[in-house]
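> This structure is in structure tokens; I'll ask about it shortly.
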Amino acid sequence: MAHPIKLQIQFGGGAELLFDSIKSRTIELPAIDKYFPECQREKWTIKELLVWMKDNLLRERPELFLQGDSVRPGILVLVNDTDWELYDELSYELLEGDTIAFISTLHGG
Amino acid sequence: MDVIQRLEQEIAELKDTLQMKEQELVEIKQKFLQINENSTENTKVRIGGLPKWAIERYSRQILLPDIGVQGQGRLMAARVLIVGAGGLGCPASAYLAGAGVGEIGIIDYDEVDVTNIHRQILHRERDQNLSKAQSAANSLRSINSKIKITPYSIDINPSNGLEIAKNYDLILDCTDNVPTRYMLNDISVLTGIPLISGSALKMEGQLTIYGYRGKGGDEKEQTHIGPCYRCIFPRPPPPETVGSCSAQGVAGPIPGVIGVLQALEAIKLLVGHPHTQLLVQRMLLFDGGDSTFRTVKLRPRSPACEICSDEPTITKLLDYEVVCQSQAKEKDLDLHILQSENRISAKELAKSLNAKERHLLVDVRSEAEFNMCNIDGAVNYPLEKLREKQFEELMEKIRSCTSYVTFVCRRGNDSQLAAERVLDALVGPDRSRVRDLTGGLHAWARHVDIDFPVY
């Protein structure tokens with residue numbers, strides 16, 4: 001049965017500017033079938049997390065954070081301090097207590 | 001005024017003389033050193049392959065098991081290319097020169113500006129307007145006269161990049177823009193020279209090693225290849241998401257920290273530490289705002305990478321400004337979007353303001369820039385926030401007044417973008433009231449108000 005989960009989400013490298021300049025916050029996602037009634041899965045993946053973030057946290061200019069159903073180029077996504085590429089990227093099934101970080105790459109020097 | 005000119009002239013001449021004398025000293029020292037070294041050779045006091053002076057000079061780091069005599073020998077035989085003599089390149093090269101890296105090449109097309117000095121520690125006040133590469137080389141020579149330093153006061157680009165890089169064993173990316181970062185990555189992969197990539201902005205810094213290729217050690221280490229920049233970031237970021245130190249600011253010690261750590265990684269890599277001890281497939285994130293360091297794990301080399309995979313689709317350097325849709329030198333950006341009737345020069349604007357013609361002056365720089373300095377009476381509508389509600393509010397203001405509407409920014413690029421956005425929403429005679437200040441506040445400071453800060 002689907003149930004709510006708590007996560008830590010973090011932003012860095014300037015990505016926090018799109019999220020009220022808050023670098024770290026705890027969020028609670030409702031049971032996935034409550035948020036996406038059509039959804040067949042029982043667990044949230046990063047793909048749905050991005051939709052939830054767009055609906056609930058992203059104030060303006062979503063194109064500076066998202067592109068298609070993923071994050072835009074130049075943002076590194078980390079699952080518990082590890083590149084999400086090592087965790088199936090969008091398909092990663094979120095676990096209670098996970099920390100998901102979105103780090104914009106810097107280019108200055 | 002004559003006194004000022006005379007003194008400036010005298011100082012310039014003294015600077016030239018000083019530089020010549022310094023060069024002379026370096027040459028004499030080197031000659032003397034060779035004779036001395038030969039005599040040391042004869043008396044066989046060389047220890048572990050290092051001459052007496054080197055043992056003495058570098059003793060504090062030779063004492064470390066992490067470096068040792070053999071490591072010092074490797075450092076002295078090493079050649080490192082530092083691209084960018086700015087906030088990262090200055091501290092990085094200072095420590096590498098201090099450590100006795102045998103040859104340091106330092107590239108920068110730019111000249112020293114007073115705004116650089118809070119973070120670019122090799123440049124002094126007296127170096128203003130001097131080539132950054134030359135200024136850095138002068139400082140590095142004063143740190144260590146026993147190493148070879150080659151300044152390149154040029155723009156590294158796809159036509160000269162491979163040629164320059166092939167004379168070096170390691171490249172440090174100390175640059176400040178996306179196109180050059182992609183180019184250096186491709187140079188690194190095409191030449192097999194590893195790239196230590198640092199970056200810094202505002203209160204944060206990032207550091208990792210791209211294109212690592214194991215050399216010594218066991219078989220596993222020898223064949224190890226780390227990811228390249230394109231493995232992690234196959235596509236460049238949208239240009240509007242990229243910030244720069246000159247637009248968004250940077251605290252001096254931030255690139256200082258990252259540049260110093262670039263030097264440390266360089267020393268470890270040259271000495272031959274295995275990849276597990278280096279920032280290979282790991283990225284260090286430094287947040288000076290809350291004083292935290294963390295290291296995150298990156299993906300390995302991608303079998304589908306366009307340049308470093310076994311079947312690459314990129315086999316030569318590209319036009320990176322086109323690929324990244326952005327400029328390598330921001331100062332050169334000179335947009336011509338508006339028609340001439342929608343532009344106004346600084347002098348004309350001043351005349352019009354003095355004649356008490358009614359003007360709505362709209363400054364589209366960021367709030368932080370506006371607070372630092374602005375033209376009296378201007379209102380602030382930052383371009384990045386000029387949309388939806390903010391945009392409607394401004395349009396309302398414009399439609400309800402009959403005065404001129406003049407857009408202002410730092411250099412006269414963003415002001416055109418803002419004016420264009422407004423012009424697109426206006427019809428008929430209202431359009432002729434909208435202009436932008438050509439050349440921005442820089443032109444204003446040059447032609448109208450010499451007391452206005454140029455930053």
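Every residue, even glycine, has its Cβ placed from backbone N, Cα and C.
Any TrEMBL annotation is an automated prediction that lacks curation.
Pulled from TrEMBL, these are the listed features:
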| type | residues | note |
| --- | --- | --- |
| COILED | B:4-38 | coiled coil |
| BINDING | B:Gly87, B:Asp108, B:Lys132, B:Asp176, B:Asn177 | ATP binding site |
| BINDING | B:Cys228, B:Cys231, B:Cys305, B:Cys308 | Zn(2+) binding site |
| ACT_SITE | B:Cys245 | active site, glycyl thioester intermediate |
| DOMAIN | B:355-453 | domain 'Rhodanese' |
| ACT_SITE | B:Cys409 | active site, cysteine persulfide intermediate |
> Going by DSSP, how much of the domain 'Rhodanese' (B:355-453) is helix, how much is strand and how much is coil, in residues?
47 helix, 16 strand, 36 coil
> Can you give me the same-chain residues 6 or more apart in sequence from B:Cys245 (active site, glycyl thioester intermediate) with a CB-CB distance under 8 Å?
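Same-chain residues close to B:Cys245 (active site, glycyl thioester intermediate) (Cβ under 8 Å, separated by 6 or more) are B:Gly87, B:Arg119, B:Asp176, B:Ala200, B:Leu201, B:Pro255.
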> In DSSP terms, helix, strand or coil for B:Lys132 (ATP binding site)?
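Note: B:Lys132 (ATP binding site) is helical by DSSP.
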> Rounded to the nearest Å, what's the C-alpha distance separating B:Lys132 (ATP binding site) and B:Cys308 (Zn(2+) binding site)? Just drop the number here, would you?
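Each residue's Cα considered, B:Lys132 (ATP binding site) and B:Cys308 (Zn(2+) binding site) end up 32 Å apart.
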> Below 8 Å between Cβ atoms and chain A: which of B:Gly87, B:Lys132, B:Asp176 make it? I'm asking about the binding-site residues.
B:Gly87, B:Asp176
> For the ATP binding residues given in the record (B:Gly87, B:Asp108, B:Lys132, B:Asp176, B:Asn177), what is the largest pairwise C-alpha separation in angstrom?
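Farthest-apart Cα atoms in B:Gly87, B:Asp108, B:Lys132, B:Asp176, B:Asn177 are separated by 17 Å.
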> Which residues, same chain and not among B:Cys228, B:Cys231, B:Cys305, B:Cys308, have a CB within 8 angstroms of the centroid of the CB atoms at the recorded Zn(2+) site?
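The surrounding set, listed in chain order, is B:Val189, B:Tyr210, B:Gly211, B:Pro227, B:Tyr229, B:Arg230, B:Ile232, B:Arg301, B:Ser302, B:Glu306, B:Ile307, B:Ser309.
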> Which residues of the same chain, at least 6 positions away in sequence, have a Cβ lying under 8 Å from the Cβ of B:Cys305 (Zn(2+) binding site)?
B:Pro227, B:Cys228, B:Arg230, B:Cys231, B:Pro234, B:Pro312
> Counting distance between Cα atoms, which of the recorded positions B:Asp108, B:Asn177, B:Cys409 is nearest B:Cys308 (Zn(2+) binding site)?
B:Asn177
> In which DSSP state, out of helix, strand and coil, do we find B:Cys231 (Zn(2+) binding site)?
helix
> What does the structure give for the C-alpha distance between B:Asp108 (ATP binding site) and B:Cys409 (active site, cysteine persulfide intermediate)? Integer Å is fine.
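So the alpha carbons of B:Asp108 (ATP binding site) and B:Cys409 (active site, cysteine persulfide intermediate) sit roughly 27 Å from each other.
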> What mean pLDDT does the predicted model reach across the coiled coil (B:4-38)?
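Summarising the coiled coil (B:4-38) by its mean pLDDT gives 81.
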> What is the total of other Cβ atoms whose distance to the Cβ of B:Cys231 (Zn(2+) binding site) is within 10 Å?
26
> Within 10 Å of the Cβ of B:Asp176 (ATP binding site), how many other Cβ atoms can you find? Include all protein chains, please.
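Other Cβ atoms within 10 Å of B:Asp176 (ATP binding site): 28.
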